[in-house]
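Contents: one structure, followed by commentary.
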Amino acid sequence: MKKEQEVCTRDGSVDRHGDPAIRGKTGTWFAGILILVNQGLATLAFFGVGVNLVLFLTRVLGQDNADAANNVSKWTGTVYIFSLLGAFLSDSYWGRYKTCVIFQAIFVAGLVLLSLSSYVFLLKPRGCGDEHSPCGSTHSTYQNVFFYFSLYLVALGNGGYQPNIATFGADQFDEEDPEEGHYKIAFFSYFYLALNLGSLFSNTILGYFEDQGMWALGFWTSAGSALMALILFLIGTPRYRHFTPRGNPLSRCCQVMVAATRKWKVQRVPDQDDDLFQSDVPKDCSRNGDRKIRYTQGFRFLDRAAIITSKDCTENRIHNPWRVCTTTQVEEFKCILRLLPIWMCTILYSVVFTQMASLFVEQGAVMKTTISKFHVPPASMSSFDILSVAAFIFIYRRVLDPLVARIRKDPKGLTELQRMGIGLVIAIVAMVSAGIVELFRLKYAKKECPSCESASSLSIFWQIPQYVLIGASEVFMYVGQLEFFNGQAPDGLKSFGSALCMTSISLGNYVSSLLVTVVMKISTRDEMPGWIPGNLNKGHLDRFYFLLAFLTAADLAVYIICAKWYKYIKFEGQQQQQQQQEADSKSSDDEEADLAV
């Protein structure tokens, strides 16, 4: 029996048959690498559509710059809104593996339909869709509806798949084992690297062909890549580790609110968890989802949900979760409430990030895009963002993090919250850089020639600094977000934690769309076409970039306050040294977390 326990994982993961996962036969890097390659191929497929979508809308469907940028923001936002649906189904009913398979199949179907709609209906006459031969806007309502149905089916498939694949990959490493726990932290960096390397092909090779008007080839390549990703994922089925879903998290949160509200007249709210209802699960139990969360002060009204009154005992209501909840269930709800302010502060960063797929591309399209006789597709400039991500992941993991760990004498180095704060600072610098480039672009602009091949003589390569800075900020912000929300989410809400990262991007895209609309409404006058008109030489895109820099700086100030207020979640059964320290002091919840940003 003892030998059997030694070879099993200690975090409660199971194999595909529901038996305890054997450490040497499941999970670790064999499964992790399959998932990383799957993510790279799926990202190639997704960005094969998304990276040039703004140009497709302007050249093939005949939309103007502002409308195209708004439609891209809305579509990208919808992708990440669907991540909440995928996370809910995964945490509640299907589990992460089944959810990943179903949504990847939807993703493949959407890409096939998108390829068909573009080739059969929209690319008329043949050869249209490049910089010199727009297709116009003579498409029927049916053709447009079919296109947008396919496009949003892609959004549904990719959105539901994304938060679960990140968490499912992390599930392959036992965080209760010191070595695998270290691998789990490293996995998130490699996951984001795989995401960016997957998009590198889309931003360069596919981006070039699509910019030349070969949209059908680009979309069919994306469909083939998504199909390969799904097949590869299925091949790894025997080696995956799984966690059993715990049921509807919404009902658990509602139970806490209802139970606390029913006892709002209870006078005494305990300072410790001794008088609060505990679950019957033994402390040494390692089954998934059964780890107890340590009691914390704050949101003390909710503690009433776990108080056992004399009336509860006499009427045998202790086992009714709508009247008495466990301390862990109450703390689970508190964790979600503490995460929300941090999450809200990440939304404005996503507004900055989304400019790379819209306004950065439009800005590059009116710069000098030729080297000798070779034309540089504006969307391919995001390859510098990808290379920056790869470089800064290496710099952070191999240089910066070990250096900070030695200086602070803390093996953890920078906390996730500190890294996210650094990401916001770099994002501010990126927007200032973009604004300065636009000032110089306007200085060399051909204002009287809006239809010229190059509306400005300033080279597109002046955009490199803003792309590099965005890439550096991603390493600190998005990788930090993945680690933070996955690690701080309760056991039964891990996919929800990853979905928070996606929904911040989603809302960032919607806020970006709203911001562009408001700016155009305010800045458009009788003789002024607004900051972002169809002819950017007559606008002031630089002012929009500087506005984003100012808003991000204000967001950073609020984020610092929220980060100092936040307290990390603490589980029982982990980090024995920390537990002993907390037991001796009897005031663990008053300790200030080292969250300086």
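From the backbone N, Cα and C atoms, a Cβ is placed for every residue, glycine too.
Predicted automatically and left uncurated, TrEMBL annotations should be read as such.
So that you can see what the record holds, here are the features copied from TrEMBL:
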type: REGION; residues: 578-597; note: region 'Disordered'
type: TRANSMEM; residues: 29-57; note: transmembrane segment
type: TRANSMEM; residues: 78-95; note: transmembrane segment
type: TRANSMEM; residues: 101-122; note: transmembrane segment
type: TRANSMEM; residues: 190-209; note: transmembrane segment
type: TRANSMEM; residues: 215-236; note: transmembrane segment
type: TRANSMEM; residues: 339-361; note: transmembrane segment
type: TRANSMEM; residues: 381-400; note: transmembrane segment
type: TRANSMEM; residues: 421-440; note: transmembrane segment
type: TRANSMEM; residues: 460-479; note: transmembrane segment
type: TRANSMEM; residues: 500-524; note: transmembrane segment
type: TRANSMEM; residues: 544-566; note: transmembrane segment
* Structure fact -> For the transmembrane segment (544-566), the distant same-chain contacts (Cβ-Cβ under 8 Å, at least six residues beyond its ends) come to 338, 341-342, 345, 348-349, 351-352, 355, 359, 417-418, 420-421, 424-425, 427-428, 431-432, 434-435, 438, 516, 519, 531-532, 593, 595-597
* List, by number or range, the same-chain residues at least 6 past the transmembrane segment (339-361) whose CB is under 8 A from its CB atoms? -> 50-55, 68-69, 72-73, 76, 378-379, 381-382, 385, 417, 420, 423-424, 427, 430-431, 434, 463, 466-467, 470, 473-474, 477, 481, 484-485, 488-489, 497, 500-501, 503-509, 511-512, 515, 532, 541, 544-545, 548, 551-552, 555, 558-559, 562-563, 565-566
* Criterion met for the transmembrane segment (460-479) and the transmembrane segment (381-400) (at least three Cβ pairs under 8 Å) -> yes
* To do: Between the transmembrane segment (215-236) and the stretches 29-57, 101-122, 421-440, 500-524, work out which stretch tops the count of Cβ pairs under 8 Å.
  => 29-57
* Which residues, given as numbers and ranges, are at least 6 beyond the ends of the transmembrane segment (101-122) yet have a Cβ under 8 Å from it? -> 42, 45-46, 49, 60-61, 86, 94, 135, 139, 143, 146-147, 149-161, 164, 215-216, 219-220, 222-223, 226-227, 229-230, 233-234
* To do: Could you tell me whether the transmembrane segment (500-524) and the transmembrane segment (381-400) have 3+ CB pairs under 8 A, leaving out pairs under 6 positions apart?
  => no
* Asked: Residues sitting near the transmembrane segment (500-524): Cβ under 8 Å, six or more positions beyond its termini, same chain?
  -> 66, 69-70, 73-74, 76-81, 83-84, 159, 162-163, 339, 343, 346-355, 358, 478, 481-482, 485, 489, 530-532, 540, 543-544, 547
